[in-house]
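Going by Swiss-Prot, these are the annotated features:
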type	residues	note
BINDING	I20, G62, V63, G64, K65, T66, E67, D255, E321, R393	ATP binding site
Amino acid sequence: MSKLNMTPREIVTYLDEYIIEQKEAKKFIAIALRNRYRRLQLEKSLQEEITPKNILMIGSTGVGKTEIARRMAKIMKLPFVKVEASKYTEVGFVGRDVESMVRDLVNNSVLLVENEHKEKLKDKIEEAVVEKIAKKLLPPLPSGVSEEKKQEYANSLLRMQQRIVQGELDSREIEIEVRKKSIEIDSNVPPEILRVQENLIKVFHKEQDKVKKTLSVKEAKEALKAEISDTLLDSEAIKMEGLKRAESSGVIFIDEIDKIAISPKEGGRQDPSKEGVQRDLLPIVEGSVVNTKYGSIKTEHILFIAAGAFHLSKPSDLIPELQGRFPLRVELENLTEEIMYMILTQTKTSIIKQYQALLKVEGVEVAFEDDAIKELAKLSYNANQKSEDIGARRLHTTIEKVLEDISFEAEDYSGQKVTITKELVQSKLGDLVADENLVKYIL
């Protein structure tokens, strides 16, 4: 089944492999994404009338808010960008304006489409690269030679190509012509400045300018791959498709939305620009036209997912108009000791599996006893209770501390099996978790 055509149940089943619990949040995301697919199956006139129901996710850091949205965008190949609301300033102040999040989305969308096109042409690109390098390594065939010599040259070229593909000649150096690196355009500036940037680049930088470079065959493969890709790809078609996809199926995840809420608890320490950022954000979420370097994009069919911990403020502290643009709200549960244990043992790419794979590169086999995993979950949970609650992110810190010496002295353990026991976990973490000051500064 096409990933774009996943049913809500299939979406939740997929998310269950990577994220423990948070059933309600998974359900909301699954329905919202399925509705994108449903809308695209309707006739054009009705499509325009149906706008996405934006979601507000409420929960502490590290409980899975970002991961749920990111995983879904990845599996369904949707244009996705994650931004932090606290990084923006209202128009007229120094800093990033909120429209830049839409430009970032379009950039990601175009890159996504470009990579898909490159994947389709992968074999053709690699063949062209190998042929070009082979011709550089072989002396050119003189004109007017016999058919027999031409056949010999063709056979030599074929053998040379096979050796290049197999990596036998990766260290050999060759001189090739490569196009000058194009100048990057800052897409976060206002449209007027963006156009000035593009015009200046056209004047001072010619795309066709090339320079000679001496590279290894391995480096030449990558340099030529990028160049040949550009000649084979239809850049205009990619830009148009990227714009269209961002417009119809893009997802913008706005984290830390609570940081721009105006809380009565803050009293006189209120930042006057917070409401300004909310008001600047409002037309984008409601639906407006944003200019990007690839063209204009309408934002009314982009799905916005906002998230925040709301420890110092409440969702009702956002301006009413913005609250109304996030009609679906879901609260994510805090992580218990049991959930911590499940995260370590039941997720498809758990932190434990990641560390085991990393150390296996050094020839070290790491095994965790079940009691050790339970102790890790318990101590991580306790550390969250005594210090700032950072959710599942605490597990990275505690496991890193337990495996610190083994990771550093990995070559001494090469070819051995190392078992992580409950006693080892306690010896590494017990005193740290017991001391509240040490928890704050070390864990």
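Placement of Cβ uses the backbone N, Cα and C atoms for every residue, glycine included.
Fair warning: this is a prediction, and the values are worked out from it, not measured in the lab.
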Distant-in-sequence Cβ neighbours of E321 (ATP binding site), under 8 Å, six or more positions away: L282
For E67 (ATP binding site), nearby residues of its own chain (Cβ under 8 Å, 6 or more apart in sequence): Y18, I19
Under 8 Å by Cβ from V63 (ATP binding site), counting only residues of that chain that are 6 or more apart: Q22, L332, E333, N334, L335, G391, A392
Conformational class of I20 (ATP binding site) under the three-state DSSP mapping: coil
Diameter of the ATP binding set by C-alpha atoms, the set being I20, G62, V63, G64, K65, T66, E67, D255, E321, R393, in angstrom: 34
